[in-house]
Amino acid sequence: MSASSSMEEPVPALVSRAGWVLGLVVFAAIALWPTPEGLSPAAQRLAAVTALMGVFWVTQALPMEVTSLLPLVLFPVCGVQSAKTVAGSYFSDSSFLYLGGFLLALGIERWGLHRRMALHIVAFTGIGVRRIVLGFMLATFAISMWISNTASTLLMLPIALALLTSLEHPDDDHGAPTPRRTDPDFAPFGMATMLGLGYAATLGGMATLVGTPTNVVFVAVFQKQFPDGPPLSAAQWMLTWTPCALAFLVMAWLVLTVRLRTPSRLATLDRTFFTQRIRELGPMRVGEWWMLAVFLVTAALWLTRTGFDAGESFRLPGWNVLGDRWLASLGVASPREWINDSTIAMGMAIVMFIIPLRPERGGPLVHLMDWHTASRLPWGILLLFGGGFAIAEACRTTGLAEWMGVWLAASVRGLPTWLIIAVICLLVTFLSEFTSNVATANALLPIVAGLAVALGLDPRLLMLPATLAASCGFMLPIGTPPNAIVFGSGRIRMSQMAGYGLLLDVLGVALIVAATYGLLAPQLRIDLQHPPAWSVAK
């Protein structure tokens with residue numbers, strides 16, 4: 001998952017003040033400009049509010065959560081939507097999908113299961129600097145599939161720094177997390193490990209539907225723009241994008257380590273460090289066993305809800321068939337998607353509050369999850385979601401998304417579809433380097449949806465690659481919270497992050513385009529030539 005908005009990089013006060021001026025100027029310019037042909041006045045005012053919010057998000061003229069609340073005031077005042085309508089857009093089942101997933105992540109953190117998982121994965125990869133980098137990347141990737149990108153990075157960072165310090169300064173206290181002066185012979189290894197950690201956290205979030213908020217934003221925007229469209233299950237997402245994310249991980253590892261040499265002092269490195277850390281953890285505690293069980297059951301329910309479809313040759317139905325029959329027996333006329341992934345997420349989250357256990361023999365009885373732990377939920381991200389949902393719904397009802405889609409379609413008409421996808425991904429990737437990934441997805445996905453309709457394409461063919469591209473901000477510390485965290489370790493120079501990040505941004509766009517044709521279209525049975533009936537303008 002992605003981080004909560006509390007992990008934003010602070011911006012200088014001058015930038016924030018400039019954001020106020022620029023935002024108000026842009027708002028006034030768009031609102032007072034002669035209304036273009038085919039665009040309604042309400043849609044024009046919506047464009048002005050959206051541009052204002054975009055400037056505020058980028059410059060942090062207001063906290064991002066507060067900016068996300070502006071539609072509640074400006075939409076009614078500007079005649080875009082009524083207060084009741086806009087308030088109803090702020091929460092959806094997608095909000096609770098993220099909420100339940102983060103509660104699961106907090107439970108894993110509370111009982112320390114993440115440390116055991118990480119150390120075993122790293123120990124499994126073996127010795128050697130390239131293998132160690134790969135081990136940390138695999139561990140972070142695996143954890144970030146289910147835990148926030150920021151939390152995954154913060155959890156793995158002390159382990160990585162402890163390893164680097166113990167190898168660089170073996171006479172120091174074993175495992176001290178803060179390095180002293182970096183040995184030039186050792187610096188490339190430290191840089192590759194830190195960058196690999198940050199990049200793997202971002203890539204892990206791409207692999208699952210609940211892995212990062214941008215994925216959840218896609219689900220919500222798609223449902224609002226195309227209410228008759230087919231739902232995208234957690235299983236379909238993993239079958240489509242997990243192979244792509246893994247390929248991206250391997251590519252990032254190769255980019256970081258292809259010229260990496262083993263420091264002279266590490267020539268005799270063995271597995272002692274990792275095995276010692278695993279022994280120090282001791283046997284799994286009762287809380288870890290229960291949390292592992294909840295984690296596995298949740299993952300299994302997500303993966304098997306809709307079954308697996310490999311075409312005409314193989315079809316394995318999911319347990320949602322039984323759920324639909326149950327609802328039909330209760331008199332529900334159309335039970336399709338009454339029970340979805342958010343039902344599972346919140347159901348298992350509630351189960352965590354119910355399960356009793358004794359962490360220590362003879363100690364007090366506690367529950368697997370308590371409200372003190374749950375209060376650490378990043379509530380602000382739900383407001384950020386809500387602001388995006390409100391924009392998406394208003395774009396649909398006022399016709400702004402459709403109008404902008406037609407305008408963009410005129411600009412790219414005649415280009416091959418693969419090139420259109422690449423251009424969109426490059427645009428989204430560039431924007432995500434400077435602003436929140438969630439804000440980028442919130443602002444652009446409704447426009448991309450309108451573009452797909454105008455071009456006569458399946459909206460998923462453009463929206464899903466754009467969603468993945470929103471996570472590909474690898475160049476700058478402000479691109480993603482994991483970038484900022486590993487940059488703060490002091491082992492990465494700005495030029496190194498920018499150089500490796502630019503290369504990965506470009507390679508990532510190429511990989512996403514290839515995965516769109518090789519994985520996405522076959523898995524979702526997307527017609528590359530004709531639009532589906534549910535996307536035709538009503």
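Each Cβ is built from the backbone N, Cα and C atoms, and glycine gets one as well.
Caution: TrEMBL annotation is automatic and unverified by curators.
Summarising the annotation, TrEMBL assigns transmembrane segment to 14-34 (among others). Taking Cβ pairs closer than 8 Å, the transmembrane segment (14-34) reaches residues 44-45, 47-49, 51-52, 55-56, 58-61, 78 in its own chain, all 6 or more past its ends.
For 46-75 (among others), the entry in TrEMBL reads transmembrane segment.
According to TrEMBL, the transmembrane segment annotation covers 95-113 (among others).
Here TrEMBL flags 134-164 (among others) as transmembrane segment.
Taking Cβ pairs closer than 8 Å, the transmembrane segment (197-222) reaches residues 1-2, 92, 94-95, 97-98, 101, 136-138, 140-146, 148-150, 152-153, 156-157, 160, 229, 232-234, 237-238, 241-242, 244-246, 248-249, 252, 256, 302, 341, 345, 381, 384-385, 388-389, 392, 437-438, 440-442, 445-446, 449, 459-460, 463-464, 467-468, 470-474, 480, 482-483, 485-487, 504 in its own chain, all 6 or more past its ends. The transmembrane segment feature in TrEMBL is assigned to 197-222 (among others).
Taken from TrEMBL, the feature transmembrane segment applies to 234-256 (among others).
Residues 104, 107-108, 110-111, 113, 146, 209, 233-236, 238-239, 314-321, 339-341, 344-345, 348, 351-352, 355, 357, 368 of the same chain lie 6 or more positions beyond the ends of the transmembrane segment (289-308) yet place their CB under 8 Å from a CB of it. Per TrEMBL, transmembrane segment is recorded for 289-308 (among others).
Distant neighbours of the transmembrane segment (338-357): 93-94, 96-97, 99-101, 103-104, 107, 209-210, 231, 233-234, 286-287, 290, 294, 297-298, 301-302, 305, 320, 323-324, 327, 332, 365-370, 374; these residues of the same chain sit at least 6 beyond its ends, with a Cβ under 8 Å from one of its Cβ atoms. Feature annotation from TrEMBL assigns transmembrane segment to 338-357 (among others).
Sequence annotations record features per position, and here TrEMBL assigns transmembrane segment to 377-395 (among others). Tertiary proximity for the transmembrane segment (377-395) is limited to same-chain residues at least six positions away from its ends with a CB under 8 Å from its CB atoms, namely 2-6, 46, 50, 53, 63-65, 67-72, 75, 80-81, 86, 89-92, 94-95, 98-99, 102-103, 106, 148, 213, 216-217, 220-221, 224-225, 401, 436, 438-439, 441-443, 445-447, 450.
The transmembrane segment annotation in TrEMBL covers 407-431 (among others).
What TrEMBL lists as transmembrane segment is 462-480 (among others). Long-range contacts of the transmembrane segment (462-480) within the same chain, counting only residues at least 6 positions beyond its ends with a Cβ under 8 Å from a Cβ of the stretch, are 2, 9, 149, 198-199, 202-203, 205-206, 212, 214-215, 217-218, 221-222, 240-241, 244, 420-421, 424-426, 428-429, 432-434, 437-438, 440-441, 444-445, 448-449, 451-452, 487-488, 494, 497-498, 500-502, 504-505, 508-509, 512-513, 516, 520.
The transmembrane segment annotation in TrEMBL covers 500-520 (among others). Counting same-chain residues at least six beyond the ends of the transmembrane segment (500-520), those with a Cβ under 8 angstroms from any Cβ of the stretch are 195, 199, 239-241, 243-244, 247-248, 251-252, 255-256, 418, 421-422, 425-426, 429, 433, 460-461, 464-465, 468-469, 472-476, 479, 483, 526, 528.
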So what's near the transmembrane segment (134-164) in sequence-distant terms, Cβ-Cβ under 8 Å and 6+ beyond its ends? 1-4, 7, 101-102, 104-105, 108-109, 114-115, 117-119, 121-126, 175-179, 186, 189-190, 193-194, 196-205, 207-208, 210-212, 245-246, 249, 252-253, 257, 273, 277, 295, 299, 378, 480-482, 485-486, 489, 491
Are there residues at least six beyond either end of the transmembrane segment (407-431) with Cβ under 8 Å to its Cβ atoms? List them, or say none. 440-441, 444, 447-448, 450-451, 454-455, 457, 461-462, 465-466, 468-470, 472-473, 505, 508-510, 512-513, 516-517, 528
